[in-house]
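Colleague: Annotation source TrEMBL lists domain 'Threonine/serine exporter-like N-terminal' at 21-261. For 284-420, the entry in TrEMBL reads domain 'Threonine/Serine exporter ThrE'. Under the heading transmembrane segment, TrEMBL lists 152-168, 180-203, 239-260, 272-295, 325-345, 357-382, 402-422.
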Amino acid sequence: MPFHDLIEKEKREQSLARKLDLLLRTGQMLLQSGADSNRIDRNLRRAALFLGIDEDKFHLHITYTTLMLNINDGLHSITKFRKCSGHKVNMTTVSAVSRLTWHAMEHQYSFDRFEKELDRIENIGHHYPEWLVILSVGLACGGFCLLFGSDWAAVCISTVAASMALFVRRRLHKKVRNNYAVIAAAAFVATLISCLAAAFHLSETPERPVFASVLFLIPGVPLINSLDDMIDGFTIVGFTRGLVASLSIVALAFGMTVAFKALHTPAYKAAFIVPNIWFCALGGAVAAAGFAILFNVPLRTLALCMAGGAIAAVTKNLLTAAEVSLPLATFCASLAAGIWTIYWVHKVHTPGYVISIPSVIPLVPGVLAYKAMMGLFAFTAFSQRTTDVSKIEPFIQLFEPGIKSILSVLGISLGVAIPNILDRFYSSKKKRSIEDAFKEKNKIT
């Protein structure tokens, strides 16, 4: 082969390798920031189009911890893996990467500029200081207390317990590698503080802070993403997300159980009342705002998340008060929040996911998931001591909350997805025109 051809071949291989690295880096940032698989796939295909890679030469495989990508230019083919170790929810990164993939095509970015933008996004810090995050999550759990119909003393107890538990969790994360152990420790701290407050009769609704103070440990985003992935056909990664989320709930229930045993306190039964509509709206708004801050949403979307949380909470409670089943009420509430999100998404130029997820977090059935885990613990212990079916049957009935929680999370996923699908269909002509114009200009078939 002539020397000139060898040089040309090496340049093409280097160019293809650089494109592959840019794509994997983009996908890694999305996966580690809590994006669902469909969103990762769409963004990477858009980025591949910008990089001059035709769709039939782009092959992506997503797992919970790894991205595998193969691209080719007709002459050379390269396959590469990229590990994704940490999984945190960072809505600012999700929003910024999504905007970058569109802007790169619209404004004809160079590869160097695209890479510099990735550097900039990667170096964006948390918008909110740590003390505000801890306080906001505590207030979010206090908002859950309001949704449970608690008095103000219980709201304060829940706020303090959750804030202390999050503080402990963040400190342990720096020293302990096992995430489940950290969740169990945080649940233990929150439950211990709430039970001690109940022992001193500081509230007329002492059991509600016990449940509300640990709800920030419920993996709401992984649960929603899990069902989203399975609905969208990403079965393996969806199942893995669901399994990880389930193990987190088991760790949470274990931490609470240890606290109950340490204080010789029986596990509280979850009995709540529906608050009036104003307290319900306030609780939903505060809870959504707390998780929005935890998820590092862009500042311009914080108020929209609060309003979406209020809409979702009020809708759900009005429907449950009208004796609508919990999964159906949750679906309708999520749908209302999704419609609210779609109305604003083009005005603030942010993916709907960034606004809708914090808005529907107050709908995640954390108490039902807890009751299901406690039922599993009780059933396992009791069934080993007796074979009498009539005595085991009451424990089997405790699995009903588990079924309801799964259906409720499915309702949340569908409620958020339907408006997004309709909006995607409505706006697809404009987006397709941008893609077609880019293809025509760059002669991509």
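Along the chain as shown, residues are numbered 1 onward.
The backbone N, Cα and C atoms fix where each Cβ goes, glycine too.
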Colleague: Which one, 152-168, 180-203, 272-295, 325-345, has the most C-beta pairs under 8 Å toward the transmembrane segment (239-260)?
Modeller: 180-203
Colleague: Using a Cβ cut-off under 8 Å, which residues of the same chain at least 6 positions beyond either end of the transmembrane segment (402-422) come close to it?
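Modeller: Answer is 223-224, 227-228, 231, 326-328, 330-339, 341-342, 352-353, 356-357, 360, 363-365, 368-369, 372, 375-376.
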Colleague: Cβ under 8 Å, sequence separation of at least 6 from the ends of the transmembrane segment (325-345): give me the contacting residues as numbers and ranges.
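Modeller: For the transmembrane segment (325-345), the nonlocal Cβ contacts are 304, 307-309, 311-313, 315-316, 319, 351-352, 355-356, 359-360, 363, 365, 368, 404, 407-408, 410-420, 422-423.
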Colleague: Over the domain 'Threonine/Serine exporter ThrE' (284-420), work out the mean pLDDT and round it to an integer.
Modeller: 81
